[in-house]
Amino acid sequence: MVNTHFLILFLLLFRILQSPSPSVAASPSDHRYHIGKHLPFFVNTVGPFNNPSETYEYYDLPFCQPEPIVRKKESLGEVLKGDRLCNALYEIKFRENKINETLCQKWINVDEVASFKEAINRDYYFQFYLDDLPFWGFIGKLEEDSWSPAGGGTKYYLFTHVQFDVLFNGDQVIEVNAFGDPNRAIDISNDVDVDVKFTYSVTWNATALHFENRMDRYSRTSLLPMYRQVHWFSFINSTIIILLLVGLLALLYTRQLKSDLKKFSNANEEDKEVGWKSIHADAFRHPPNSSLLFALVGIGTQLLILLFVLLFLGFIGTLYPYSRGGLLNYLVLLYALSTVFAGYSSASFYSQFVGNGWERSVSLAAILYTGPVFVIASILNIIAISYGATTALPFGSIIVILVIFIVLAIPLLMFGGVVGYRFRIEFQGPSSAKRYPREIQQLAWYRRTPFQMFIGGLVPFSAIVLQLHQVYASMWGYKIYTLSSILFVTFITAIVIIAFVNIGLTYIQLSVEDHEWWWRSVLCGGSTAIFMFGYCIYFYVRSNMSGFLQLSFFFGYNACFCYAFFLIFASISFRVSLLFVRHIYHAVKREEQRKFLISESYLPPRAATVTLPHGMMRKLAVPKQE
């Protein structure tokens, strides 16, 4: 019965997230049209070209408006993305050319002229949709009039004519472009009322490109062939160098570890209590703030699984470029469903090392990432509302997100915690912990946490910085990242590097008899995300983004992005460090057992006790049998 309820709830939420609108396409299955058939056309947003997060509704500027304005019903992902699709006066029919079609005749007052001038000064662009294909164009242009007798100045020109070029193959739309005609621009430099006639033209041309490949155009414009070759070469070159470096480090550490075990097997009792072997009774002492530590590992495991699923969906083509809100739809739904892994990991680890009280660790996992993201998103939403931007979430969308979190995410989190506690594996340490922990000596500066975090973050960051730039350019620019296979390989490479580097750092820490490796493994692994956030600062400084709204959105959402990777990398580092520590100390225990069995086979002759007459006891040596 419970499973049936969860299935019904899952299907209902998926329907809410998708919310398809039947008005977007004339034929939802194949987008096929007869000649003269009216095509679905929507206006979306306008905004500064250099500020991708600062978008406003198209009719916030005094363009020609239909009566009434009908808003398209959008999915949750589209709302989160900032899309606000509305109907328009443009009428485009399949394979019907139009020349100088009048859109409207409008009298623009001084205030409206000022709003157009400000938009042109900030390089405002518009976004339209025709048959689910996005396209863009500028609303005007600036010119410096330095040759006029009056001394020159800046001229503002508003495009009053839009040219639509549409390509078709058979009965399907393949490509659409739009641009403002600079020869039909009106000068609005003076602050006076202006009578403007808005017009448009539509030209249809045939193409051999198939409907299935019509989205390839956006990939080609964002990644040119020459740049693609350089991109592949740089990626392969950096990957090979990093993997060779990691292989060399792994070889050195393996040989050193074997050397330590060999010395241990041949050493006397006094020499054995030196280095990492001397803290075997403290290495598995559960760390301070265990609830927080294991909650961090749990949420990191959840985000790791979520990221792998998203990369897989991108690889198989389910998430394709400009699938409106598709990525955010899957992100919200999969995050809610994957909370079961956070609950399971948190409760399982806590029950193994501490015992009872796993509920606190699972509760911390519920707010460890969601809490900061909710606070940052709330602040950014208030800023967006004050600017009137489309990135501000409506009240209904906020309610839907809260319902998903309360009704789906939290129950799955607690369910995962119960499963993790019930099916926990009892931890068997190689030796019992002492009552009081061993005192840690004063360490040199290069063996302390800050320097090890620097090393642990720099090496993996150097392997992903190239792909990180492409991801940032896609998130905060107009490039479309389509090489999901390269991104997946880069992520796997980063995981391998983080694993080997943190194994080495943990070994160095244990070698100086520092048994507090738990939290340091987390910090050293997650420090790569600190370098990622540092690079986002560099990316912002080098870009043309400006304004408080764009600044707050850029650093706010990048903080959430880098914090997620901090949790992912920290979880990976902790897990591999735990496996390494268990391995080396179990190897020592096995060596002790082996030496004990060998020594047992070479014991001196045993003494046998026999009873002699007169009740006297005498110990006689039993001869060793040949």
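Positions of Cβ are set from backbone N, Cα and C atoms, glycine also.
Per TrEMBL, the feature signal peptide maps to 1-25. Residues or ranges marked as transmembrane segment in TrEMBL: 232-253, 292-316, 328-350, 362-389, 395-421, 451-468, 480-505, 517-541, 553-581.
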Hey, which bits of the same chain come close to the transmembrane segment (517-541), Cβ under 8 Å, at least six residues off its ends? 283, 287-289, 293, 296-297, 449, 452-458, 460-461, 464-465, 468-469, 472, 476, 494, 498, 501-502, 505-506, 509-510, 551, 554-555, 558-559, 561-563, 565-567, 569-574, 577-578, 581
Tally Cβ pairs under 8 Å between the transmembrane segment (328-350) and each listed stretch (362-389, 395-421, 451-468, 553-581), then give the stretch with the top tally. 395-421
Answer yes if the transmembrane segment (553-581) and the transmembrane segment (395-421) have at least three CB pairs under 8 Å among residue pairs 6 or more apart in sequence, and no otherwise. no
CB contact flag for the transmembrane segment (395-421) and the transmembrane segment (362-389), at least three pairs under 8 A: yes
Same-chain Cβ contacts of the transmembrane segment (451-468) under 8 Å, 6 or more residues past its ends? 231, 234-235, 238-239, 242, 245, 445, 486-487, 490-491, 493-494, 497-498, 501-502, 505, 508-509, 520, 523-525, 527-532, 535, 569, 573
